[in-house]
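Engineer: According to TrEMBL, the record shows the following:
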DOMAIN    19-250  domain 'Metallo-beta-lactamase'
REGION    112-132  region 'Disordered'
COMPBIAS  118-132  compositional bias 'Basic residues'
DOMAIN    255-376  domain 'Beta-Casp'
């Protein structure tokens, strides 16, 4: 019997952490990367974006398959192109559009940060350079090839792949990949069983190897309150105190979900009719994509149009400065980026509002280790913004049930459709505790072999 030829799997990101997703699959004559993200969060991890060496020459990489457009999955693409990658980047159409918005924003921030750092640098220090510039983003976008879900596409004579909806964000997908007669399933980021505005994740039936995320492998989102009930309570409590509600929000999916819930609650008269301000340039651009890619979400035409019709759109920073000082109701709801409070226009609002106990800050997504959002959630009495310390007087709340990530129960549900045990299940995209808890739960429930992916380790399959 002829021995199966070796396939190598290597996790060069999102192993032991939730950012920097990059998974290399290679045979004797083919190299493919699943996702190509930036490391985010802690400074020690962000440094890896420039310091980490790749185990391949970018010019020798044959293709990239992108599961979705979030920065931690797509943000390193222009750096790879800058270093010589010229192959195809496969994605769904919404993922391509979201990635373009996110990468241009990323390049803009990097160029601005480098400019500011160089103004302050000492003469004996090297100038700081951005990881990539806008021109590299333009070159990157020219490499995209888009496909729908549930259609097999050939990579080469020995490999083919297929996208399956993953319920995480608009256009997000899991990847089925056949290589040398073996089937791999890469979960990408999975949504909950019943996402608010998307179809649920597609469950697959066959896999020799499963690579699955474990972000919330040790948690259950259901707190007893639906996102509608939780938001209703927070809005009404803030209104009764006479305060302002600030919602740091991710531009993709979360901002749109929050607007949908607020519109619904106001129509039902469950909360007062307060002005809603969307102050997120990316959030505004992504909201338009919901109207362009209607097949990829479950919103009705009316709900889709209401995402912008009932909202005050804040486009420029000059408008941001006026939101708190304009004539009209003093009480309002402000949705602004960034979702983990690491940057963006939400910082301006927090500098003005964070110390006042009448106000509320509502966190509506995962707060990474080392982020301001995590510090607020952990009960910090002060947070540092732009070099100054600000007292935390406002109430801090979180809605866990709105997460775009599957919890432990959802992840087990997603696995339940596989007809037989895989040869190996690898857990990535998770910190140590959730990955360990999920590994134990899968072993107890299904008796499958589970490995927690180690950064840079090569697995011979």
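Note: Cβ is positioned from N, Cα and C throughout, glycine not excepted.
What's the neighbourhood like for each of these?
Structural biologist: Secondary structure of the region 'Disordered' (112-132), assigned with DSSP and counted as helix (H, G, I), strand (E, B) and coil, comes to 9 helix, 0 strand, 12 coil.
Model confidence over the domain 'Beta-Casp' (255-376) is summarised by a mean pLDDT of 92.
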Engineer: With DSSP as the reference, give the number of residues of the domain 'Beta-Casp' (255-376) in helix, strand and coil.
Structural biologist: 57 helix, 14 strand, 51 coil
